[in-house]
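Asks: OK, Swiss-Prot features for this one:
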TOPO_DOM  1-66  topological domain 'Mitochondrial matrix'
MOD_RES   K21  N6-acetyllysine
MOD_RES   S24  phosphoserine
MOD_RES   S26  phosphoserine
MOD_RES   K28  N6-acetyllysine
MOD_RES   K28  N6-succinyllysine
MOD_RES   K35  N6-acetyllysine
TRANSMEM  67-92  transmembrane segment
TOPO_DOM  93-137  topological domain 'Mitochondrial intermembrane'
Amino acid sequence: YALPSYVDRRDYPLPDVAHVKHLSASQKALKEKEKASWSNLSMDEKVELYRIQFKESFAEMNRGTNEWKTVVGTAMLFIGFTALIVIWEKRYVYGPIPHTFDPDWVAKQTKKMLDMKVNPIQGFAAKWDYEKQEWKK
């Protein structure tokens, strides 16, 4: 069992109770005037009656919020903090780059693999032309 409550939601367009629970004297008079023909009501009175029943219109409910700015800002804060940690790790935690990453070493290693004819059917050596001493085109 739940008590009737007011909520502005698009998927629940007609809340259980009115937005304004305690009417002022002018609002009570307007509610009495509402019982007659609506053509006698002015546009301002119709809006006032709407605001007694509902807090927001559908256009106001659908209006975007600025929450995305907070989400993007928080994400950027965490990304920046992570970048600082990575920079600190590269500088103080990791050692120097191994000599096997040196371009001369890679060239020597490639030459040795070609001399040994590594994987000659479909792999590395299959893409090398041994007569012209260059990569196949």
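Glycine too: its Cβ is placed from the backbone N, Cα and C atoms.
Could you tell me the structural context for the features on the list?
Replies: Here the Cβ of K21 (N6-acetyllysine) has 8 other Cβ atoms within 10 Å, regardless of which shown protein chain they belong to.
Residues near S24 (phosphoserine) in space but far in sequence (CB under 8 A, at least 6 apart, same chain): none are found.
Mapped onto three states, the DSSP output places S26 (phosphoserine) in helix. Remark: S26 (phosphoserine) has no non-local neighbours by Cβ distance under 8 Å and separation of at least 6 in sequence.
The Cβ of K28 (N6-acetyllysine) has 10 other Cβ atoms within 10 Å, all protein chains considered.
Mapped onto three states, the DSSP output places K35 (N6-acetyllysine) in coil.
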Asks: Could you state the CA-to-CA distance between K35 (N6-acetyllysine) and K28 (N6-acetyllysine) to the nearest Å?
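Replies: Spelling it out, the Cα of K35 (N6-acetyllysine) and the Cα of K28 (N6-acetyllysine) are 11 Å apart.
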Asks: From the DSSP assignment alone, can you count helix, strand and coil residues within the topological domain 'Mitochondrial intermembrane' (93-137)?
Replies: 20 helix, 4 strand, 21 coil
Asks: I'm trying to understand the geometry here, so how far is the Cα atom of K28 (N6-acetyllysine) from the Cα atom of K21 (N6-acetyllysine), in Å to the nearest whole number?
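Replies: So the Cα of K21 (N6-acetyllysine) lies 11 Å away from that of K28 (N6-acetyllysine).
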